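Annotated in TrEMBL:
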TRANSMEM  17-35  transmembrane segment
TRANSMEM  47-67  transmembrane segment
TRANSMEM  87-105  transmembrane segment
TRANSMEM  112-135  transmembrane segment
TRANSMEM  147-174  transmembrane segment
DOMAIN    160-241  domain 'DUF6534'
TRANSMEM  194-215  transmembrane segment
Amino acid sequence: MAVEGAVGVIPLVASSWLNFMLYTLELVLCGFWLLRPTRPIMNRLGIVIMVLSDTICTGAICAEVVLDLVPQPEPLRFITALSIKIVTTYITAAIVQLSFSYLFFVLTKNWIVLGALVILIFVHLGFSLASAALLFKSPSLGRDSGIAFTVNTIGAATCAATDLIVAICLGYKFLKMIRRTMPGYGTRSLIRRILALSVGSGAVCATVTLLMLILLLKDSFIFNFMNAIQGRVYALSILVNYLLGLSSPGSRSSDDQQDLSRNFHFRTSVSSVVFHSTEAGQVPRPSGGTQIGVVTKSAEHRAAEHSSDSSGTSLAHGDAVRLQDLKVVSCDLKDSPL
């Protein structure tokens, strides 16, 4: 398939418009996230690099549209724009995958799994960079590009496999956390929300990448449409997690939400469940770090014997005194891992 006329004008224009809408949404969400106080510096750096990469990718997509509208386009220019799109798309994918991989490491402290995930990420990134470079050697698209097509296929397959593995690892860990916690809104709903967002995001990214791989192998024109928005799908997945992963309107105060959000974003770990029992009327205050607390009450009647006090009031022997056993489920986000 030669470069000239290889990509239809209508799919290119449609994909560029959709990409631009998703890119605009990405900028809006990124602005909301950066405006929140006390964002970790590494997260800010990753988001800035991701947005810069997507900006370059969007420019390359617009350049493809312009070059395709030219009656006799320069093949090298079209290949250059395509190569830039490939590189920037997989840079964004790598940033998102590294973020979720580090979240898994924070929760598990498992260096072996983290190392394997990092290797997979850089392997697919390396294949993608190599395929972009090989396009200059064979300025064609599809199977006509020869070794570049094969290398790009391997990179896409490795990227999809990485997305699936990360989603499975996070899902397994969060399910273990749910089983270790007492039933309660504050703890379980938080973990379930993060589970749905994290695993859902990984599944969506993996589905998009697998769909693109199938379309690539079939030489479908829809591949170019999906390829234009792949990077924005990755970017929106991590931004949605950052913005919604720990927000629960009405469940916590604004200060607690900010503190939880600040600590969750790949800086801290989650501790085991702690149970406390107190006398009536006394609610223990968790110490150390940001706490997520859920209080459940159970009543029991105990016989108590009291003597008369100075005011002359007394309680008869055998009168039931209502006491409360308070169970406080705390999730310490600073001190120790599960």
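From the backbone N, Cα and C atoms, a Cβ is placed for every residue, glycine too.
Note that TrEMBL annotation is computational and uncurated.
Given the structure is predicted, the values throughout are model-derived calculations rather than measurements.
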Taking every residue in the domain 'DUF6534' (160-241), the average pLDDT works out to 75
Under 8 Å, at least three CB pairs between the transmembrane segment (147-174) and the transmembrane segment (87-105) (pairs 6 or more apart)?
-> yes
